[in-house]
Amino acid sequence: MGDVEKGKRIFIQKCSQCHTVEKGGKHKTGPNLHGLFGRKTGQAAGFTYTEANKNKGIIWGEDTLMEYLENPKKYIPGTKMIFVGIKKKGEREDLIAYLKKATNE
């Protein structure tokens, strides 16, 4: 997969204004992402999701995140995530490598 350190920089630049990753981290505009891998969409405790997110029914993993992060609104029509996505595959790979580590510590 990608480079964890590059992924951390991408997370700080593009994701951290709306998300946290640490265990017990607070929800912001978007949910805390701790425990993301292996969890179904729309399941972070204490966060209010759209019906689209709750009903998507996929399990978050490398493949689903690769597709979602390229174009969130295309992958889950009706999501309230306003982020336009990351077009460069290498950047998505780096971000996923970071998320895999950071959301599991």
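Using N, Cα and C of the backbone, Cβ positions are placed for all residues, glycine too.
What Swiss-Prot says about this protein:
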| type | residues | note |
| --- | --- | --- |
| BINDING | Cys15, Cys18, His19, Met81 | heme c binding site |
| MOD_RES | Gly2 | N-acetylglycine |
| MOD_RES | Tyr49 | phosphotyrosine |
| MOD_RES | Lys56 | N6-succinyllysine |
| MOD_RES | Lys73 | N6-acetyllysine |
| MOD_RES | Lys73 | N6-succinyllysine |
| MOD_RES | Tyr98 | phosphotyrosine |
| MOD_RES | Lys100 | N6-acetyllysine |
For the recorded heme c site, enumerate neighbouring residues of the same chain (Cβ within 8 Å of the Cβ centroid of Cys15, Cys18, His19, Met81, site residues themselves excluded), in sequence order.
Ser16, Gln17, Lys28, Thr29, Gly30, Leu33, Phe83
Cα-Cα distance linking Met81 (heme c binding site) and Lys73 (N6-acetyllysine), given in Å to the nearest integer:
8
In Å, rounded, how far does the Cα of Tyr49 (phosphotyrosine) sit from the Cα of Tyr98 (phosphotyrosine)?
24
Cα-Cα distance linking Tyr98 (phosphotyrosine) and His19 (heme c binding site), given in Å to the nearest integer:
14
Out of Gly2, Cys15, Cys18, Lys56, Met81, give those recorded positions positioned within 10 angstroms of Tyr98 (phosphotyrosine), comparing C-alpha atoms, in sequence order.
Gly2
At the Cα level, what's the spacing in Å between Gly2 (N-acetylglycine) and Lys100 (N6-acetyllysine), rounded?
10
Could you tell me the C-alpha distance between Lys100 (N6-acetyllysine) and Cys15 (heme c binding site) in angstrom, no decimals?
15
What residue among the recorded positions His19, Lys56 has the most other CB atoms lying within 10 A of its CB?
His19
